[in-house]
Amino acid sequence: MCGIVGYVGPRSAQDTVIDGLRRLEYRGYDSAGVAVVRDGLLAVEKRAGKLANLEKVLIEAPLPRADIGIGHTRWATHGPPNDVNAHPHAGGARRVALVHNGIIENFVELRGRVEADDHVLLSETDTEIVAHLVELQVQSGVDIVTAMQRVCQQLDGAFTLVAIDSHEPDKIVAARRNSPLVVGLGDGENFLGSDVAAFIEFTREALELGQDQIVVMTRDEVLVTDFWGNPVQARQFHVDWDLSAAEKDGHDWFMRKEIFEQPRAVADSLIGRRTAAGKLQLDEMRLADEELRDIDKIIIIACGTSFYAGMVAKYAIEHWTRTPVEVELASEFRYRDPIIDATTLIVAISQSGETADTLQAIRHARSQKAKVLAICNTNGSSIPRESDAVIYTHAGPEIGVASTKGFLTQLVACYLLALYMAQVKGTRFGDEIDEVMRQLEAMPDHIDKVLQGAEQVYELARSHVGSRSVLFLGRHAGYPVALEGALKLKELAYIHAEGFAAGELKHGPIALVEDGLPVLCVVPPRGRDHLHDKMVSGIQEVRARGAHTICLAEEGDTSIEPYADHLIRLPGVPVLLQPLVAIVPLQLFACELATALGHDVDQPRNLAKSVTVE
Ligand code: F6R
């Protein structure tokens, strides 16, 4: 959601900023803009729509060659996505240009102040007001850094701000509160980005900015302070993936590439989790074993796909550790007055590490003395930084807006957490944990096998371009898979899709079933007969009412054949691990159906990769 780029150095500022914005496109946006300073003058260009619209204008009329620039992709909050509301915004005298990610909550009051000073505002954005406020400060005689400090002290809400002043053309100043920003450290050049993808082409050394911090950047120097100018030590880190990881690798969509990367992503997420003696170890886990032993309740908080990973985790953690688990949408958590204390473990699952709802939920939990453990894919992001412990998922960069490998690696991290807690609490014997680890280590091969059947799923998907509604059914750990399969279809193909627990069908949803309605059914493995047979009964019920049943069932399960109009085979795996293979055909189905419908799979309408506003 909103991408921010800044550059100072010898390259063309316009081109470097546009390159960075292109790498941030996946975050979701509806307008884009760039500003540079040359010969004491500000030059700004911005356009509604995709980056290509802006690039077209810049090819015809490039901005002056400059060595300092800022850029922005905007996801509209205040005011519709048009040229005027696009960022960067300039102050009234066109001395300062500024871009912003987040929401300024006291903007009405600030707007009143600015307008009372006879400033004319051109846009409907909260950002333009901040540009005017910063410019007012520099016009009063202070430098751009002091101006930024003074303005930040007046702002409420969430913001990353990046500004340039045409009278100080050697520096960029940026500030962050509750919104992401990282610094890329180059040699004789420096970068800013909403995430490291913005500058990964040029440097893999980065600096993590903390809450309420300001960074001033010239070609050769990066200085971080708080909002009052006191120097602070920012953490430097090395990015362990490179540009090729962020490219499409011959696939038509990032999403498709990421689906096919899942065997590797799952394998990477398992590397280094066992000692030479075979015991589980979670290196980044900063909670002591005694603290974990004291935990008597776990609450998992997350949004969207990460929430569904949390639902699977509940089955695994309760089964292996006998510790009660609640799973809660992060956006609801704070508002229900949850019962938490020092013996509650909050597990916050987030691919991006920047989801505002999840971030606010963990802050609330910590204020109630609960311990927070993050499961996250993004090193240096806010959620792990504000948690007591973290398990990183090692999926590599996920660019497609719809989460795929992020989900699978979250599942792996959840299984690891559950098994680690079982080891610490002594609720499972060592050889049982070993056995599950062996089964987990075999999963990359099983996922690979499912991917080899992609063509069959694609064909099936293409035959559904005319479908207006699709249902997904599952039971036990297959229920969250059904929900996730439906979410993928909704967000990519814009088709009405709903996931149900199969046992709940007859309590209402079965009324939706009519002739020809496609129903995708995740059939549990046969080992757990009561689950499997109940699911088969559910499938018979919908088929008897005219549904077209597409069943995902393990190899050798012949009992399902009479009731499946279409059968997709899954490798035989334990029921708790089945989500790792069962979701893959559903991802392929949604990706291919959306492609056949002509949709932009990587950037579905109205969606943002990282939802940094509540
Ligand atoms: C769906 C999807 C979203 C995210 C949700 C949480 O494909 O990607 O539902 O799962 O916005 O995002 P993170 O995991 O970054 O907190």
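Using the three backbone atoms N, Cα and C, a Cβ is placed for every residue, glycine included.
Copied over from TrEMBL, here are the features:
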- CYS2: active site, nucleophile (ACT_SITE)
- LYS609: active site, for Fru-6P isomerization activity (ACT_SITE)
- 2-220: domain 'Glutamine amidotransferase type-2' (DOMAIN)
- 288-427: domain 'SIS' (DOMAIN)
- 460-604: domain 'SIS' (DOMAIN)
PLDDT averaged over the residues of the domain 'SIS' (288-427): 95
The residue listed as 'active site, nucleophile' versus LYS609 (active site, for Fru-6P isomerization activity) - Cα distance in angstrom: 9
Tally of residues which DSSP labels helix, strand or coil - the domain 'SIS' (460-604): 69 helix, 29 strand, 47 coil
